[in-house]
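Chemist: Next up is a structure, given as structure tokens.
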Amino acid sequence: MSCITVTSRIGFAMARDGVFPLSKYLRWIYKRTKTPLANIFFVFVVDSLLLLLQLASATAFNSILAIATFGFQVSYLMPIFLRCTVARKTFVLGEFNLGRFGVPIAIIASIWLTVTSIIMFFPSEYPVTKDNMNYTVVIVGGVLVLAATYWFISARHWFVGPKRVDADPTPLPPGHVASEDNMTKDVSSEVATSRLFAMARDGVFPLSKYLRWIYKRTKTPLANIFFVFFVDSLLLLLQLASATAFNSILAIATFGFQVSYLMPIFLRCTVARKTFVLGEFNLGRFGVPIAVIASIWLTITSIIMFFPSEYPVTKDNMNYTVVIVGGVLLLAATYWFISARHWFVGPKRTDADPTPLPPGHVASEDNTTKDMSSEVATSRV
């Protein structure tokens, strides 16, 4: 689901600017739901074929996963590297910035991302055979060759880059959707930090007053950021001690994503079926049927996250996800009945609730999790 969401947005943005040979079809917008249906179905078909690939070859499927990770790495590396090199003096700082630490951190991040991106090409086992070979370098090389060929033969004669309706008067290709109709809204990349900050802001945790503290100069919750970095580093180091435990952590992450999608979708087609307010981006009359199908699918796949990956099950290949999730639920329930139920009333909204917020709360105009305009999001894509 997340792949379809992200890929369809990027594909739509590129098709909108005429990058692909069949762009006029991929950028077509269905007026009733204001969505690029052809693009979404195209991404769905490609994603489905890639998932089916694991039935034919586990090696090829693992290479596809490595390519996905490599792609994420490079998508972070390119803007960060340009930030600390050619754009070092011209880069315009936004409200959320790291101040004088920005360039040093960008240099460290660039080196780290370069090294880890190269590691994505390494085989996972030794000695290397045709069955455990990492074909990521072959596929990435093939894509680069095709892209370079397409550029020199055709694209370099007409492609001038993405269009911005707020800065470029040049007409856009037919089928372009203006920013107010664009589906490419911004999504925060600092998911763990922003979620933890939001919960600490409302006093959920015992040490919330520290986790919601804002460093005024950069307007960022520094204690929160360092706490998340420390926890993430410990979880990554866990694989050095136990591959089984680390795999369980990965399964928990997937399970968490599944449940985070399941809850609002399930409520959309049950208790909120008649009261749910449709936004500008909606599926019209297909919304509820799709929500029902998605709820069933997410429920089944979430349960599968608890299954062991091998048989017979031993202590070395056991999937401990159910143990960890059960432990977290037990701790959360205990904390709720002992303390939180006496004072926690849910998240506060400054635009709708006059009840005072806990000390250290940051109003929306100072919040780190701002929404950027769709023009900025589009130009970044």
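Numbers run from 1 along the shown chain.
Any Cβ shown, glycine's included, is placed from N, Cα and C.
The following feature annotations were taken from TrEMBL:
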type: COMPBIAS; residues: 363-373; note: compositional bias 'Basic and acidic residues'
type: REGION; residues: 355-381; note: region 'Disordered'
type: TRANSMEM; residues: 37-57; note: transmembrane segment
type: TRANSMEM; residues: 63-82; note: transmembrane segment
type: TRANSMEM; residues: 103-123; note: transmembrane segment
type: TRANSMEM; residues: 135-153; note: transmembrane segment
type: TRANSMEM; residues: 222-242; note: transmembrane segment
type: TRANSMEM; residues: 248-267; note: transmembrane segment
type: TRANSMEM; residues: 288-308; note: transmembrane segment
type: TRANSMEM; residues: 320-338; note: transmembrane segment
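So where do these features actually land, and what's packed around them?
Modeler: For the transmembrane segment (103-123), the residues of the chain that approach it from at least six positions outside its boundaries are 66-67, 69-70, 73-74, 76-77, 80-81, 83-84, 88, 132-134, 136-137, 140, judged by C-beta separation under 8 angstroms.
Tertiary proximity for the transmembrane segment (135-153) is limited to same-chain residues at least six positions away from its ends with a CB under 8 Å from its CB atoms, namely 59-60, 63-64, 66-67, 70, 120-121.
Same-chain residues lying 6+ beyond the ends of the transmembrane segment (288-308) with a Cβ under 8 Å from its Cβ atoms: 1, 251-252, 254-255, 258-259, 261-262, 265-266, 268-269, 273, 317-319, 321-322, 325.
Here the transmembrane segment (320-338) has Cβ contacts under 8 Å with residues 244-245, 248-249, 251-252, 255, 305-306 of the same chain, all six or more residues outside its ends.
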Chemist: Any residues 6+ beyond the ends of the transmembrane segment (37-57) with a Cβ under 8 Å from its own?
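Modeler: Tertiary neighbours of the transmembrane segment (37-57) are 3-4, 7-8, 11-12, 15, 25-28, 30, 64.
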